Amino acid sequence: MSIVLAIETSCDETAVAIVNNRKVLGNVVASQIDIHREFGGVVPEVASRHHLESINACIDTAFEQSGLSWSEIEAIATTCAPGLVGALLLGAAAGKTLAMIHNKPFIGVHHLEGHIYASYLSQPELEPPFLCLLVSGGHTSFIEVRGCGEYKLLGETRDDAAGEAFDKVARLLRVGYPGGPVIDRLAKTGDPQAFKLPEGRISLPGGGYHPYDCSFSGLKTAVLRLVQQFETQGKAVPVADIAASFQYTVAQALTKRAVRCAGDRQLQTIVVGGGVAANSGLRQILTAAAAEAGIQVYFPPLKFCTDNAAMIACAAAEHFQKGDRSRLDLPVASRLPITQVQTLYTPLVPLKGKS
């Protein structure tokens, strides 16, 4: 049993959770979407201020939901990388302070590793090896998971992340923020075959294309030109059809690469994580293609696709059981490759008896 309290403040969600191994006992998320909507995106300074205002109440509520006391918490974890530095600092300072006050081990967690572990919360029997398709506003990666802290990056976006592309296309279509849910909703009433959009392949120096890397900047530009074409002609922009065609193209690009990657690496399972994992088009297309290839696919419940502390606590519990601990002077970092997760930890050295 490993009961962990975790704090997640890497971007614009103030989240606190208490998890016992892979079972959620308390989970609180204070969203800032409405606050940042008027700016069309996250303002780092505003995000940090609201983290400061919300975090104590979130901690109290998580304890109320769990019915536990501080004496029952075995470790305290916070997201330490990657993310907005000011936001990360706020969460890390809170977690480290609580660890010192209550004399608990401190565990820093890589945000992307949290997304990998999100599916464990609904599929507690899930075990490596598997391929993780990690798709969010800041990342699009194909990661081979061999164990806790054991990751190999097989492919990634060369420019815009998938979630970032959704936000930018939503802005081009003037349909609101955040772009992911809006595009998904519009796509349900549009024709995904209305417009043929570029998938965004990466050319190799010796010819051919990279099997797993992807690009979404060209797709975004194609949507821009399509919108401009209709506006120049004085015609109404077919927003739903463009949204559906865009979403279909992104889902197809991710699906082709994920299924091929899993097949090439002889992995029988694909785990999807990140905010874009909530997209209904991706869920439908990837599930169908994977089933045809004899591959099992797991998507997190919708509430665990976006940023939350339950996934951070789950990842921390695995590291805690492994004997990993973080120093209280561990710095936060705006960037840290998923392959460098273990740099966050100092192995637990057993105390030696007196000779």
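Even glycines carry a Cβ here, placed using N, Cα and C.
Here the structure is a predicted model, which means the values were calculated and not measured.
For the Fe cation site, Swiss-Prot records HIS111, HIS115, and the single candidate of ASP307, ASP324, ASP329 listed with them is ASP307. The substrate site recorded in Swiss-Prot includes LEU134, VAL135, SER136, GLY137, GLY138, GLY180, ASP184, ASN279, and the single candidate from ASP167, ASP191 that the record places there is ASP167.
When the C-alpha distances from GLY180 (substrate binding site) to the binding-site residues HIS111, HIS115, ASP307 are tabulated, the minimum falls on ASP307.
Neighbour counts were taken at the CB atom with a 10 A radius for the binding-site residues SER136, ASN279; the maximum falls on ASN279.
The two recorded residues, ASN279 (substrate binding site) and ASP307 (Fe cation binding site), have Cα atoms 15 Å apart. The Cβ neighbour count for LEU134 (substrate binding site), using a 10 Å radius over every protein chain in view, is 25. Recorded residues HIS111 (Fe cation binding site) and SER136 (substrate binding site) have their alpha carbons 11 Å apart, per Cα-Cα distance. Close to the recorded Fe cation site, the chain also has GLU8, SER10, THR79, LEU112, GLY114, ALA118, SER136, GLY273, GLY274, ASN308, MET311, ILE312: residues not among HIS111, HIS115, ASP307 whose Cβ is within 8 Å of the site's Cβ mean position. Ranking the binding-site residues HIS111, HIS115 by the number of CB atoms within 10 A of their own CB puts HIS115 at the top.
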